[in-house]
Amino acid sequence: MMDVNSSGRPDLYGHLRSLILPEVGRRLQDLSPDGGAHSVVSSWMPHLLSGFPEVTASPAPTWDAPPDNVSGCGEQINYGRVEKVVIGSILTLITLLTIAGNCLVVISVCFVKKLRQPSNYLIVSLALADLSVAVAVMPFVSVTDLIGGKWIFGHFFCNVFIAMDVMCCTASIMTLCVISIDRYLGITRPLTYPVRQNGKCMAKMILSVWLLSASITLPPLFGWAQNVNDDKVCLISQDFGYTIYSTAVAFYIPMSVMLFMYYQIYKAARKSAAKHKFSGFPRVQPESVISLNGVVKLQKEVEECANLSRLLKHERKNISIFKREQKAATTLGIIVGAFTVCWLPFFLLSTARPFICGTSCSCIPLWVERTCLWLGYANSLINPFIYAFFNRDLRTTYRSLLQCQYRNINRKLSAAGMHEALKLAERPERSEFVLQNCDHCGKKGHDT
């Protein structure tokens with residue numbers, strides 16, 4: 001049987017020594033029967049041994065146990081002090097800004113009278129979902145990332161953390177979907193939908209969103225698909241069926257609905273833009289010019305002025321509808337675009353991971369997973385600022401709250417609303433021209 005050295009490898013050189021050296025000694029004894037062979041062997045032995053390289057014991061490679069910086073399911077990263085400071089500062093800033101922005105939304109809608117409208121209840125639900133992500137999820141992910149990806153909060157809290165993460169993020173995404181439907185119905189059914197858009201209807205929609213979000217959270221807690229959880233890793237279940245179900249309900253279906261709603265609003269805005277074209281003043285009929293009686297001629301002119309006045313009123317109404325549709329299309333387009341950019345990479349990765357890595361762990365590089373995850377969390381940061389940018393009342397309320405001017409908020413909003421109404425009431429130049437002509441015609445008719 002071949003010898004094995006201390007490193008666990010076959011000792012080839014030792015085996016050769018055991019075969020060659022006795023044979024050399026026996027031949028030397030045959031050549032020197034007078035007993036001088038022993039001295040010859042002794043003198044030549046060091047030279048014979050020197051022809052074979054010395055084998056030193058080396059530690060056997062550890063094939064079963066990974067090194068300290070790698071876990072059995074996913075890698076870990078050892079950051080330097082500077083890297084920890086930079087990463088920690090960025091993650092802390094994202095978390096604090098998310099908390100501040102969504103708190104402003106909740107405070108604004110709840111405490112400002114003008115903003116307490118049923119249509120804004122969905123925005124409050126969205127802000128609460130994003131605020132929950134910032135308070136209950138982001139801090140633990142930040143700590144895990146700063147220590148290199150190792151989960152240190154225990155087995156039980158791993159399940160609680162995953163449940164909170166999935167439910168809050170899903171509620172945020174599905175609320176965005178419901179908001180897009182609400183905006184679409186408000187644009188396409190301006191007469192019937194506002195009547196149904198009361199507080200009770202909004203409460204039912206919000207409750208449905210959170211219950212559906214919980215339906216994705218509960219299966220791993222009741223044994224359908226177990227989360228991946230050991231001493232170092234906390235990962236949502238990688239079961240194939242659960243992965244397809246959760247990603248479809250939480251992202252792919254809401255994204256499809258949002259894209260469809262945006263397309264419908266965009267199409268309505270294009271259709272309204274095609275209709276919104278001033279057709280010009282109607283031509284004066286020959287009988288109104290060539291008339292046997294001047295009174296009949298003036299009467300024709302007065303009727304034409306009245307028709308033009310009604311036409312311009314209808315045009316101003318079309319302008320208002322057109323602007324509202326354009327604003328809704330722009331706002332929803334930016335919301336859908338930001339949502340897709342933030343969450344699409346994460347859900348593509350989450351869907352493909354079980355089919356690439358199997359159901360027991362993740363083989364995706366840690367920095368790729370964390371980058372996609374925090375990109376999705378960033379959607380909770382930008383939502384309040386998107387709505388504030390396109391909503392004048394929210395923007396004014398934000399400014400007043402940040403300046404600690406709490407008592408004057410309702411007064412400022414009322415003044416701003418009055419100013420906006422006066423701007424809309426101003427007539428364009430063509431309207432003034434027609435009214436002046438109508439007044440002139442009326443005076444001439446009265447004089448006649």
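Quick reminder: no glycine exception, Cβ is built from N, Cα and C everywhere.
Fair warning: this is a prediction, and the values are worked out from it, not measured in the lab.
The topological domain 'Extracellular' annotation in Swiss-Prot covers 1-86, 144-155, 223-240, 356-366, and the record cites similarity to another entry as its basis. Annotated N-linked glycosylation site per Swiss-Prot: Asn5, Asn69, in sequence order. Residues annotated as transmembrane segment in Swiss-Prot: 87-111, 122-143, 156-181, 202-222, 241-263, 330-355, 367-390. Annotation comment: Swiss-Prot describes 112-121, 182-201, 264-329, 391-448 as topological domain 'Cytoplasmic'. Taken from Swiss-Prot, the feature disulfide bond applies to Cys158-Cys234. According to Swiss-Prot, the feature serotonin binding site maps to Asp165. Swiss-Prot lists Cys404 with the feature S-palmitoyl cysteine.
Shown on the structure are the features that Swiss-Prot records.
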residue: Cys158; record: disulfide bond; DSSP (3 states): helix
residue: Asp165; record: serotonin binding site; DSSP (3 states): helix
residue: Cys234; record: disulfide bond; DSSP (3 states): strand
residue: Cys404; record: S-palmitoyl cysteine; DSSP (3 states): coil
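Between the transmembrane segment (241-263) and the transmembrane segment (122-143) there are fewer than 3 Cβ pairs closer than 8 Å, counting only pairs 6 or more residues apart in sequence, which means the two stretches are not in contact. Three or more CB pairs closer than 8 A are found between the transmembrane segment (122-143) and the transmembrane segment (202-222), so contact between the two stretches is assigned (pairs 6 or more residues apart). Between the transmembrane segment (367-390) and the transmembrane segment (156-181), three or more CB pairs separated by 6 or more residues in sequence fall under 8 Å, so the two stretches touch. Under DSSP, residues within the topological domain 'Extracellular' (356-366) fall into helix, strand and coil as 3 helix, 0 strand, 8 coil.
If you look at the topological domain 'Extracellular' (223-240), the same-chain residues 6 or more away from its ends with a CB under 8 A from one of its CBs are 71-74, 76, 144, 150-151, 153, 155, 158-159, 161-162, 165-166, 246, 350, 353-355, 357-362. Long-range neighbours of the transmembrane segment (156-181) within the same chain, counting only residues 6 or more positions beyond its ends whose Cβ lies under 8 Å from a Cβ of the stretch, are 122-123, 125-126, 129-130, 132-133, 136-137, 140, 205-206, 209-210, 212-214, 216-218, 220-221, 227, 229, 234, 236, 246, 249-251, 254-255, 257-258, 261-262, 332, 335-336, 339, 343, 376, 379-380, 383. The least crowded of the disulfide-bonded residues Cys158, Cys234, judged by other CB atoms within 10 A of its own CB, is Cys158. Within the chain carrying the topological domain 'Extracellular' (144-155), a Cβ under 8 angstroms from the stretch's Cβ atoms is held by residues 69, 71, 74-79, 84, 87-88, 91, 161, 229, 231-234, 366, 370, all 6 or more beyond its ends.
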